[in-house]
C-alpha cells in the first residue's frame with residue numbers, strides 16, 4: 001500500500017471517528033439527565049484526534065527509522081568476505097539488492113548471495129510494512145474505542161481539543177526562534193571549522209584575498225583577507241546611499257508636504273513597484289543598460305569607467321532602495337505633529353524653511369533609523385553586485401573600477417559542488433557570520449532609534 | 001545681509017521694506033528650488049521605473065517570436081533502418097525489457113538524422129549540390145531538432161516512411177542574423193555563420209520557409225546547452241511553481257499560527273519578547289544568509305538532495321515566515337477589541353472567538369500579506385544559488401525531489417551565456433515571464449484588499 005493511500009485512509013478513518021463521536025455524544029445527551037459539558041462537535045473532534053494522532057506519530061517514526069534498520073540487518077547477514085566493502089561499492093551493492101527486492105531486477109545475472117539478501121530484504125520490508133499497518137490500525141481502533149467510552153457529560157472535550165490547538169500555535173511560533181538558532185549555530189559552527197585552517201586575525205585583518213582552488217594542495221592555503229571584500233561592500237553601499245537617501249528623502253518630503261492628492265495617488269504605488277522587482281532583474285538591468293551607459297559617458301568625459309564597476313552596482317542598488325527610504329521617511333515625516341508646522345508657518349516661515357528647519361530636525365532620529373535600515377539592506381544585497389560589480393577583490397579607492405563584496409564572495413565560494421571540508425568553501429560561513437553580525441547590529445540600532453522616536457510623539 | 005539689517009536706519013520704512021522684499025525674493029527662490037528638487041526626485045523615481053521596464057520590454061518582447069523552418073520532413077526508411085520495437089516476452093523481468101528497449105532506442109539514435117534534416121533543407125535549395133555545402137545546410141536548423149525527430153519516431157514508429165509538415169527551430173545564430181541582432185556589415189571573420197549559410201537564411205526567409213513563429217519552446221522546453229535555440233523555461237517554471245506551493249503550504253499556515261499565538265494568547269514575558277525581537281530581526285536578515293542556513297542544515301546535516309525544489313522551498317519558507325507573521329499581526333491588531341469582547345461576552349471560549357470571529361474578519365488582510373510574501377519569495381535568487389540550484393538541469397522536474405532550477409536562477413544562468421546576441425533577448429523574455437507572474441500575484445493581492453477591506 002502506497003504511503004499516500006495510507007494517509008488518505010487515516011484521514012478517512014478520522015472523519016469516520018468524528019461521526020462516531022458525534023453520534024455517541026448525542027445518544028449520551030439524549031439518555032442522561034445532566035447537561036453535556038461541550039457541544040457535540042468537540043466530542044467528535046476529540047475522538048478523531050485520539051484516533052488519528054497516535055497512528056500518525058507511529059507512521060512518521062516508522063518511515064524515518066525503518067530503511068536504516070533494514071539496511072543494517074541485511075548488511076550484517078552478507079557473506080563475511082563482503083564485510084570489508086566501503087563507500088561507493090557498498091552503495092552499488094545495496095542498490096542492486098534493492099532493485100532485485102523491488103521486483104524490477106538487474107540487467108545482468110545476479111549472484112546467489114545477492115538473491116538471498118534481496119529475498120531477506122523483501123521479507124523484512126513486507127513484515128515491516130505489515131507490522132506498521134497493524135500497529136497503526138490497533139492504535140486507531142484503540143484510540144477510537146477508548147475515547148468513545150470516555151464520552152459522558154463530565155468529559156471536558158472542548159478544553160482538550162482547544163489545548164491541542166494551542167499547542168500547535170506554540171509549536172508554530174517557536175519555528176521562528178528555531179530558525180534564528182539554526183542560523184547562528186550553523187554559521188558559528190562552520191566558521192569555527194574554518195578558523196581551524198586559517199588564523200582569525202589573518203582573516204579579519206588580512207588585506208589580500210586570494211583563496212586559490214581547493215585542489216592546489218593543502219600546503220598552499222591561499223590568503224583569506226576580509227578587508228578588500230569589506231571595503232568593496234562599503235564602497236558600493238556608500239554609492240547606493242548617496243543615490244537613495246537624497247532621492248528617497250526628497251521624494252518623501254515632496255509627497256508629504258507638497259504633492260497634490262492625484263500625484264500622490266499615482267506616484268507612490270509606481271515608485272513602490274521598484275521595491276517589488278526581484279534583485280536579479282536589477283542586476284541584469286545594470287549589466288545591460290546602466291553599465292554600458294556609464295562606460296560611454298566616461299568615454300565622452302574622458303574618464304575610464306568600466307561597465308561593471310562599483311559605480312554601476314552602487315547606482316542601481318541605490319535605485320532599488322529609493323522606495324525603501326522614501327516610504328520609511330514618509331511615515332516618519334507625517335508623524336511630526338501638525339502643531340510644530342503650524343507654529344513655524346505662523347511665524348512667517350515659508351514651507352521649505354518649515355521643512356528644513358522644523359520638520360526634518362524633528363524627524364531626524366527616525367530618518368537616521370531609516371538610513372541605517374537602508375544601509376543594512378544595501379550591505380546584504382547580493383544579485384546586483386554579483387552581476388554588475390565586476391568581482392575583483394583588490395583594495396583600491398577608485399569607484400570606476402571593479403570591486404568584490406562579501407555577498408559576491410559567498411556566492412562564488414559556495415556554488416559549484418559543495419564540499420564542506422576545504423577552507424575555500426568554509427570561508428563562506430565566516431563571511432556569512434560577519435555579514436549577519438553587521439546587518440543585525442545595524443538593524444537593532446535602527447529599530448531602537450525608530451522606536452524611541454515613536455515614543456517621543458505618542 | 002544680517003549686518004546690513006543691523007546697521008540700517010530703523011526709522012526709514014522704505015529701506016526696511018526694500019530689505020524685506022529682497023530677502024523675500026531670495027526666500028521664495030529657495031522655496032521654488034526646494035520644491036523643484038522634490039519634484040525632480042519624484043520624477044527620477046518614476047523615470048527609473050519607466051526606464052527599467054522599457055529596457056526589459058524592448059529587449060525581451062522580440063524573443064517571444066523565433067525563427068522557425070516550416071517544411072515537409074520525409075522520414076526516409078533508407079536512412080532510418082531499425083528493428084521493430086521490442087515487446088515484453090514471457091519470463092522476462094522488467095529490467096531485461098527495459099534494457100532491450102534502451103538498445104532499440106540507441107539503434108534509433110544512431111540513425112543519420114542529420115541526413116534527414118539535410119535532405120529536407122536541400123529540397124528547398126536544389127542548387128546546393130556540393131557535399132560540403134550540403135553538410136553546412138544543417139547549420140540552419142538547431143542541433144536539438146534531430147532528437148525531436150527521433151522522439152517522434154520513438155513515440156510512433158509507424159512514422160517511418162511518411163512525410164510530415166513540421167516546424168523545425170532555426171539555429172540560434174540564424175535567429176540572431178535574421179532579427180538583425182548582429183551587425184550585418186561585420187567582416188566574415190567576425191560572423192558566427194559562413195557567408196553561404198547567411199545567404200541561404202535570407203533566401204529561405206524571403207520565400208517564407210523560415211518564418212517568425214510564436215516561441216512555444218520558451219514555455220514548453222527545459223533548458224538546453226547543446227541546442228541553444230530550443231532552450232526554454234519549462235523546467236525553471238515548474239521548479240518555481242513547486243517552491244511556491246511549498247511556501248504556501250508551510251510558511252502561510254505556520255506564519256498565521258504564530259501571529260495568532262503572539263497576538264491573542266502569548267502572555268507578556270521574556271520568552272514572548274524574545275520571539276518578537278527575533279521575528280523583527282529575521283525579517284531584515286539578508287536573504288543570502290538563509291541560503292547559507294539551507295546549505296549547512298538541509299544539505300550538509302540532513303543530506304537532502306542538492307538542487308531540489310523541496311530544499312529551495314524550505315529555505316524560501318523560512319525566509320517568508322517573518323513577512324507573513326508581521327502582516328498577519330498588523331491585520332489582527334487592526335480588528336477592534338469590541339469584536340473580541342462581544343464574542344467572549346456571550347460565552348465563547350478564546351479559541352472559538354478566534355476561529356469564529358477574529359480570523360474570518362482578518363482573512364483578506366492575511367491573504368494579502370501572504371500573497372505579497374510568496375511573490376517576494378519566487379523572485380529570490382541568492383539563497384537558491386547556495387543550495388546548488390544553479391546547476392544545469394535539462395529536464396522538467398516531475399516531483400519536488402528532482403533536480404531543477406527556478407525562474408530567477410534561470411535568468412542568472414542565461415545572462416552568463418556566451419552567445420550574448422541571442423541570450424540577452426532570451427533573458428529579458430524570461431524576466432518578462434517572471435515579472436508577469438509576480439505582477440499578477442500582486443494584482444490579486446490588491447484586488448483582494450480592495451474587495452474585502454473593512455475600515456473600522
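Residue numbering: from 1, along the chain as shown.
Glycine is treated like the rest: Cβ placed from N, Cα and C.
Automatic prediction, not curation, is the source of TrEMBL annotations.
Taken from TrEMBL, the feature domain 'ABC transmembrane type-1' covers A:230-446.
Taken from TrEMBL, the feature transmembrane segment covers A:41-65 (among others).
Per TrEMBL, transmembrane segment is recorded for A:130-148 (among others). A Cβ distance under 8 Å defines the sequence-distant neighbours of the transmembrane segment (A:130-148), meaning residues of its chain 6+ beyond its ends; these are 1, 6, 10, 13, 17, 20-21, 24, 46-47, 50-55, 58-59, 62, 66.
The transmembrane segment feature in TrEMBL is assigned to A:168-188 (among others).
The transmembrane segment annotation in TrEMBL covers A:229-255 (among others). Within the chain carrying the transmembrane segment (A:229-255), a Cβ under 8 angstroms from the stretch's Cβ atoms is held by residues 209, 264, 267-268, 271, 310-311, 313-315, 317-327, 329-330, 333, 355, 359-360, 367, 371, 374-375, 378-379, 381, 385, 389, 393, 395, 397, 399, 403-409, 431, 434, all 6 or more beyond its ends.
The annotation transmembrane segment is assigned in TrEMBL to A:275-297 (among others). Sequence-distant contacts of the transmembrane segment (A:275-297) (same chain, at least 6 residues past either end, Cβ-Cβ under 8 Å): 305-309, 311-313, 315-317, 319-320, 323-324, 327, 381-388.
Feature annotation from TrEMBL assigns transmembrane segment to A:309-328 (among others).
TrEMBL lists A:426-450 (among others) with the feature transmembrane segment.
Same-chain residues lying 6+ beyond the ends of the transmembrane segment (A:426-450) with a Cβ under 8 Å from its Cβ atoms: 183-184, 186-191, 193-195, 197-198, 203, 211, 224, 226, 229-230, 332, 365-366, 368-370, 372-373, 375-376, 379-380, 406-407, 409-410, 413-414, 420.
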